Amino acid sequence: WPLTSAPANGTITVTPVNDAPVAVTTTATGAEDPSVGIAVKLSATDVDGVADVKSFTVGTPTNGTFYTDAAMTKPVTGSIDAVNGEATVYFKPNANFNGTANFTYTATDGGIADGGSPLTSAPANGTITVTPVNDAPVAVTTTATGAEDPSVGIAVKLSATDVDGVADVKSFTVGTPTNGTFYTDAAMTKPVTGSIDAVNGEATVYFKPNENFNGTANFTYTATDGGIADGGSPLTSAPANGTITVTPVNDAPVAVTTTATGAEDPSVGIAVKLSATDVDGVADVKSFTVGTPTNGTFYTDAAMTKPVTGSIDAVNGEATVYFKPNANFNGTANFTYTATDGGIADGGSPLTSAPANGTITVTPVNDAPVAVTTTATGAEDPSVGIAVKLSATDVDGVADVKSFTVGTPTNGTFYT
């Protein structure tokens, strides 16, 4: 019969071989434009023990940057030390970015298991979800240009940008402009009150300058969004400046009603002042044209030697003509006159005012009566005196003739 020995012991020594760590897929979530970096956990497993995981190396993320500190002051450079198979980096999204940022990373061990070279894991994927935060719109500086005293309001474009999309811009609020008023319609019948709805980040208001104003009008305005990006409260932009240039339009001068007074039959013409106002400045008044006066004649000189012909030059919106009443005239003389500018305000054609009235009061001066030559006929040695008629004319009226004085006649005597 066969025989079997007693059991003998055998020992097999299995020498360690270093195993590469395995980087673990990771995810993180945080808000857009954070004040503190979004924490992203890196981790790895290692069959040789997590203590053998020594470091992580992260690839460049899309749409942002990795930092080693939450304050986001120290960008990641090189590898990141692992503690018990883990480490944390902090993600700063690009300004105003929201959505998904991706990256890959690897883990490297210390080669401890067999004392050999360190091994690095295959890359693992990382995904960071950046949730949107509502961003305030930005109102854009605007300019507009139009003419003084327009019949249609000067169109002023309001606009804003918004990183969340111009569709999120819902309204504009305009401040009170200098030197005029805003309207919502070009006909300037509906003044702006409250906010103005935006369409694709834009709106238009219409500016009516104050009467006769030209120059620069200023205002500020803001844009408000709908809070759509994160479902929160609407945000309003900082104020933006608006400038409206109102170009001058020539305004006609206004001739001023005038009066003058002087005596009948003057030796020096009665001075008559002509004047005009002009919203563009009296320096723009260039000349006057006077109509023919009643009961007399206008001269350019006090000596009454140069009758007025054509226009009369103005100086600072004024000029003087001299009136010579008709001989022996007293009472009221009337005339009209106009003023003409130089078209300086807008470089266009000169404008002439509406006619203004002028009134000259000529005070009476006493005129001597004129005794009229007289004749009479009668018989010698009459029983009744021969009637001799005495008479006189007077430009002031025969009623003004008060008495006659007769000289001693030849060859006889007067009786009353």
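Including glycine, each Cβ sits where the backbone N, Cα and C put it.
Caution: TrEMBL annotation is automatic and unverified by curators.
Per TrEMBL, these features apply:
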| type | residues | note |
| --- | --- | --- |
| DOMAIN | 9-70 | domain 'RapA2 cadherin-like' |
| DOMAIN | 125-186 | domain 'RapA2 cadherin-like' |
| DOMAIN | 241-302 | domain 'RapA2 cadherin-like' |
| DOMAIN | 357-414 | domain 'RapA2 cadherin-like' |
What is the average pLDDT across the domain 'RapA2 cadherin-like' (241-302)? 97
When the domain 'RapA2 cadherin-like' (241-302) is classified with DSSP, how many of its residues are helical, how many are strand and how many are coil? 3 helix, 33 strand, 26 coil
Per DSSP, how many helix, strand and coil residues does the domain 'RapA2 cadherin-like' (9-70) have? 3 helix, 26 strand, 33 coil
